[in-house]
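Undergrad: So that we are looking at the same thing, I have put the structure below in structure tokens.
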Amino acid sequence: MTVKLLMQTQVDDPHVLNDHLKLLYQNAIPGIAITIVASAGLAFGFAEHSTVHYKFIWWLCLSAVVGFRIIDTALWFRRANKGLFSCQNDLYRFGAGVLLTAFLWAFYCVYFYNTSSIDELFSSLVIVSAMAGGAATVLSGNKLLSQIYTLMLLAPFSLQMILGDNPAHLLLGCLGLAYAAVMLSVANAAANFTKNSIMLRNEHNQLLKTMEHKVQQRTEKIIELSQHDSLTQLLNRRSFLAAAKLQLSQIETDSQYAIFFLDLDGFKQVNDNFGHRVGDEVLTEVVKRIKQACQHDEIICRWGGDEFIIMAHQSPLYRFEDLAIALKKHINQAIITTQHVINMDCSIGIAMYPEHGQSISDLISLADLSMYSRKSGGTDDYVMFSGELEQKIKHEMHLSKGIAQAIAEQQLRLVFQPIIDSTTGDIASVEALLRWEFEGNNIPPDVFIPLAEKNGAIKQIGYWVLEESVRHLSALHLLKPQLAICINVSVIQFEDVDFVSKAEQIINQYHVNPSKVHLEITESVFSQDKLKLINMVKALQLLGFMISIDDFGTGYSSLSVIQDLHVNTVKIDRSFINNLHLHGIDIVKAVMVMSHGLGYRVVAEGVENQQQANTLTALGIHYLQGYLFDKPLEFDALTQQLSRHPDEQRSPFLLRSANS
Ligand code: C2E
Ligand code: CA
Ligand code: CA
């Protein structure tokens with residue numbers, strides 16, 4: 001217990017304690033060796049008949065303690081070599097051995113004092129002084145221990161000499177005490193120095209370890225960042241390509257893999273309408289859904305923006321179709337962000353290894369093409385790459401090259417579809433519709449316009465249409481001065497900052513009143529920069545042009561569009577006219593109600609039968625367009641139609657309905 005109290009070190013750090021004990025045990029070996037030699041010399045060198053037995057017993061006791069210390073030291077080194085740490089108990093054991101040794105030395109000096117000759121006394125004092133001197137360094141690993149050891153060796157013996165009857169011993173005793181005092185101070189200084197050195201060494205080690213740990217953490221973070229997309233934490237392009245290549249290099253011969261190219265539909269509108277923060281929320285949620293759909297170690301990557309790539313392995317129990325359907329199902333569920341509920345859909349293209357391609361980059365391109373073919377009109381859940389698709393893509397590329405040359409090759413012409421005033425049955429305007437004859441075939445505008453938009457040819461074609469339409473209108477005004485012309489303008493044309501000035505230049509050139517020129521824009525233009533678009537529309541209206549919203553009801557945020565822009569005309573898409581008997585009538589009614597407040601005129605597109613015409617006229621629709629009245633006409637046929645007598649010109653269909 002006393003040993004424990006004495007030895008309680010102030011160090012909690014096991015590294016520091018270990019260093020202290022290491023020093024103590026290492027220094028113990030020479031100390032023990034000297035103890036063995038000195039004790040034998042003293043006990044047997046001055047042996048007298050009366051004390052020889054007692055000295056032998058003393059020597060046996062000291063040898064037992066020394067033996068215990070030797071075993072303890074050997075065991076400690078064995079544990080230390082195994083990398084085990086020291087504990088407080090090691091220190092207590094070591095201290096007990098040292099203090100017992102000191103006690104036995106003190107006991108010898110005091111007990112045999114009266115029977116000792118002056119030589120023996122002197123030798124004893126020299127030995128314990130030397131041992132105390134050595135303890136200052138040998139036991140510097142523990143200050144208390146070294147100081148108690150010194151005191152135990154010297155103090156009782158010196159005091160006994162001072163207090164004894166022999167005045168000759170007084171000086172020796174005083175010298176012994178003085179020496180003890182000096183040694184205490186030396187031991188104190190040595191122990192402090194050792195303690196500081198050990199502390200510094202450990203602090204240094206600790207610092208090194210902390211720095212190493214931090215460097216390791218940073219390195220891991222940098223690797224992580226360089227491999228993953230920061231928003232979704234999915235693999236980025238580079239690390240996906242590396243992972244996918246590795247996968248392909250390790251597969252068995254009959255394994256089938258597929259690359260899924262997944263692109264979100266309408267994500268751009270989400271970003272434009274609700275902002276990038278909502279866009280990010282949607283992307284994060286979509287990634288969660290993709291992970292839910294992928295259950296079989298698929299490699300998932302954010303390819304960029306709203307594009308994702310998944311590499312999947314096909315097994316007898318798990319087919320690619322299952323994954324495609326699961327992806328669709330999960331993504332189609334409404335996404336609830338902090339402020340909005342958003343419905344997303346996606347287009348998926350799939351290419352298979354080894355059937356469609358051997359390299360990852362080929363498979364990605366083919367999956368991308370397949371996805372794209374789904375985007376441009378497909379309705380299937382996913383599109384698997386095929387030879388047929390390859391042919392279709394090649395054909396599109398051929399057409400794309402062709403349309404870029406169409407103006408120079410004089411392959412374009414305009415046809416004109418009359419638009420009828422529902423109250424008078426008169427032709428109020430005509431819509432200019434583009435026709436392209438390419439290699440002996442009439443290519444439908446629904447096919448070539450998107451291609452021209454994609455390759456940029458639409459800009460030049462758009463100006464050609466504008467000029468041709470205005471040129472024809474100026475000729476038609478000779479027959480019918482009130483006639484207006486409706487011209488389709490593509491989203492891409494609105495990106496051209498010169499559009500307004502060029503439009504102005506064309507009407508000036510042909511001396512046409514701009515109020516007779518109706519520019520038809522679809523709602524898809526509103527996925528562009530809204531402010532820029534509103535300014536452009538305003539500038540055109542300021543010049544006197546009329547603005548129509550085409551295919552109304554098929555696009556995005558339909559009703560807000562009408563409010564934002566003071567459009568002159570709204571053309572209800574023919575899909576609603578087709579469905580008048582179902583839900584189509586609701587949108588027609590809604591558009592009509594709003595027209596009173598907002599002051600726009602309404603055209604119904606695709607009117608094909610008398611019943612539709614009657615219903616629409618009864619609902620107050622201002623204009624009607626469709627095959628019931630006229631198909632798009634060649635310019636000559638139109639002039640013939642217009643040059644007839646006004647009564648004849650009037651639509652017989654509406655007259656019929658008016659008379660009935
Ligand atoms: P759009 O602007 O909606 O043009 C009306 C389309 O509906 C025309 O097809 C027309 O022939 C067709 N249509 C008219 N009445 C009826 C009907 O009663 N029933 C049916 N089933 N269809 C009817 P078209 O000429 O094939 O044009 C298709 C689309 O191509 C146009 O749709 C327009 O978006 C685009 N387009 C045509 N010419 C141009 C152009 O010069 N520039 C631009 N940017 N796009 C054009
Ligand atoms: Ca149109
Ligand atoms: Ca239309």
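Please read every residue number as a count from 1 along the shown chain.
In case you wondered, yes, glycine gets a Cβ from its N, Cα and C as well.
TrEMBL entries are annotated by machine, without manual review.
TrEMBL lists these features:
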| type | residues | note |
| --- | --- | --- |
| TRANSMEM | 23-44 | transmembrane segment |
| TRANSMEM | 56-77 | transmembrane segment |
| TRANSMEM | 92-114 | transmembrane segment |
| TRANSMEM | 121-139 | transmembrane segment |
| TRANSMEM | 170-191 | transmembrane segment |
| DOMAIN | 255-387 | domain 'GGDEF' |
| DOMAIN | 396-646 | domain 'EAL' |
Undergrad: In the same chain, who gets a Cβ under 8 Å from the transmembrane segment (92-114) while lying at least 6 residues past its ends?
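TA: That would be 3-4, 6-7, 21, 24-25, 28, 35, 42-43, 51, 54-55, 58, 61-62, 65-66, 68-69, 72, 76, 120-121, 124-125, 127-128, 131, 139, 142, 145, 148-149, 152-153, 156-157, 160-161, 164.
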Undergrad: Could you tell me the mean pLDDT over the domain 'EAL' (396-646), as a whole number?
TA: 92
Undergrad: Mind checking which residues of the chain, 6+ beyond the ends of the transmembrane segment (170-191), have their Cβ under 8 Å from one of its Cβ atoms?
TA: 121-122, 125, 129, 132-133, 135-137, 139-143, 146-147, 150-151, 153-155, 157-164
Undergrad: Per DSSP, how many helix, strand and coil residues does the domain 'GGDEF' (255-387) have?
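TA: Result for the domain 'GGDEF' (255-387), in helix, strand, coil order: 56 helix, 41 strand, 36 coil.
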